[in-house]
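K.L.:
This structure is in structure tokens; I'll ask about it shortly.
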Amino acid sequence: MSPTLDDQSPMEIRCTEEGAGPGIFRMELGDQRQSISQSQRWCCLQRGCVILGVLGLLAGAGIASWLLVLYLWPAASPSISGTLQEEEMTLNCPGVSREEELLPSLPKTVSFRINGEDLLLQVQVRARPDWLLVCHEGWSPALGMHICKSLGHIRLTQHKAVNLSDIKLNRSQEFAQLSARPGGLVEESWKPSANCPSGRIVSLKCSECGARPLASRIVGGQAVASGRWPWQASVMLGSRHTCGASVLAPHWVVTAAHCMYSFRLSRLSSWRVHAGLVSHGAVRQHQGTMVEKIIPHPLYSAQNHDYDVALLQLRTPINFSDTVGAVCLPAKEQHFPWGSQCWVSGWGHTDPSHTHSSDTLQDTMVPLLSTYLCNSSCMYSGALTHRMLCAGYLDGRADACQGDSGGPLVCPSGDTWHLVGVVSWGRGCAEPNRPGVYAKVAEFLDWIHDTVQVR
């Protein structure tokens, strides 16, 4: 029979220190003290050691955890840089592969530029610091087209020979001659020379792109003025905005393949492309341009949005002006480093909770992030392919959203803007560790040029 509370005094358990040795405890039951035998002392000693050991381990683990948190916790900073974000994610996501950082970057053997009012073609050979004027000997329109495409332009518009006697040159000016090797690579065909035998050099003009004549946020974005992004277009099905697009040439725009795939059963005559719009309220005064042909990338995957680009050929050309123009493609081998400040624009949702697109064009600045970072276990766990890139903030302050798909992600190189990405997909909008994912335009240059040239 168990004693009742009335039968005995309340039990009190407490530990007291016994003897000179610290940490050795004995148990007392209320005031009923008893003498402790030698075996009982030895038992208490063993138990005390066990308790001390456990407490010591717990204390050590606590201190170690505290130091680890102090060491690994990312410091808050208002500025965003690609390096800082990558460091944070590398520390917090063990096992992240840095494979792409280990890939050697090959030095460019030749660079081109078009300089001055005379549009003189210049070449920089084998990393020499000086720019060489190109001699006209051996020149061909095909070579001009190749150079224009390597600079991010869609096509060659004009080329001619210029007499050296008609321009002022520095005495130290040197030239580049084409080698006579048939079938050689363009990048290996240039030879520095002190003069041009014919006394003529090359003037080259490519299709205009990447300029913002009137240039003076999307979630977290701001409304933009007319002409700020002259290549921005709206792809409409009837009177409904479905996706953004970017103007490449008067007859061509590029958008996301998933935009067209979602409405693949729609009649071609129902599609219109509107360029130069800032507000969709002006659509009634803007007839738009009918779509002649929809050309999604042949390898597009609806499962993971790989190869998520499509070209739209227009029935009539877009009229270029101060508020409407083409964006440049990435120049050949052009690299925008992680952390580069780029811009995304569109008419998508301005708040993740909204169900309707914005009536006015929005834009926001986002930094480029490395693919290894976005493929980490903290973000997209390997979902990005080599045809994708991502941009945004780890804290989710600004991002593209529904309705922005197909629109441009552009990055500046001097005063020229290049189409680096096409808005493709993401998980949520402006959520932490969920930046926007874009089709990487540099991976589609050959397909774009081949498609545009043969039609």
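Backbone N, Cα and C atoms are what each Cβ position is placed from, and that goes for glycine too.
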K.L.:
Of the listed cysteines CYS390, CYS401, which one does Swiss-Prot record as disulfide-linked to CYS429?
P.N.:
CYS401
K.L.:
I want to verify the bond table. Which candidate from CYS378, CYS390 sits on the other end of the disulfide that Swiss-Prot records for CYS374?
P.N.:
CYS390
K.L.:
Which of these, CYS135, CYS148, CYS259, shares a disulfide with CYS206 in Swiss-Prot?
P.N.:
CYS148
K.L.:
What residue among CYS328, CYS342 is stated in Swiss-Prot to be the disulfide partner of CYS411?
P.N.:
CYS342
K.L.:
Going by Swiss-Prot, which one of CYS209, CYS243, CYS259, CYS378 is joined to CYS328 by a disulfide bond?
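P.N.:
So the cysteine paired with CYS328 in Swiss-Prot is CYS209.
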K.L.:
Taking all residues of the topological domain 'Cytoplasmic' (1-49) together, what is their mean pLDDT?
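P.N.:
Averaging the confidence scores along the topological domain 'Cytoplasmic' (1-49) gives 38.
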K.L.:
Tell me, if you would, which residue among CYS243, CYS429 (disulfide-bonded residues) has the fewest other CB atoms within 10 Å in the structure shown?
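P.N.:
With the disulfide-bonded residues CYS243, CYS429, fewest surrounding Cβ atoms within 10 Å: CYS429.
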K.L.:
Consider the recorded positions CYS243, CYS259, ASN375, CYS401, CYS411 and say which one has the Cα lying nearest the Cα of ASN170 (N-linked glycosylation site).
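P.N.:
So, spelling it out, the nearest of the recorded positions is CYS411.
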K.L.:
Quick check on the disulfide-bonded residues: of CYS148, CYS390, CYS411, whose CB has the lowest count of neighbouring CB atoms inside 10 Å?
P.N.:
CYS411
K.L.:
Here are some recorded positions: ASN163, ASN319, SER405. Which one has the most Cβ atoms within 10 Å of its Cβ?
P.N.:
SER405
K.L.:
Express the distance between the Cα positions of CYS243 (disulfide bond) and SER405 (active site, charge relay system) as a whole number of Å.
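P.N.:
Counting only the Cα atoms, the answer is 5 Å.
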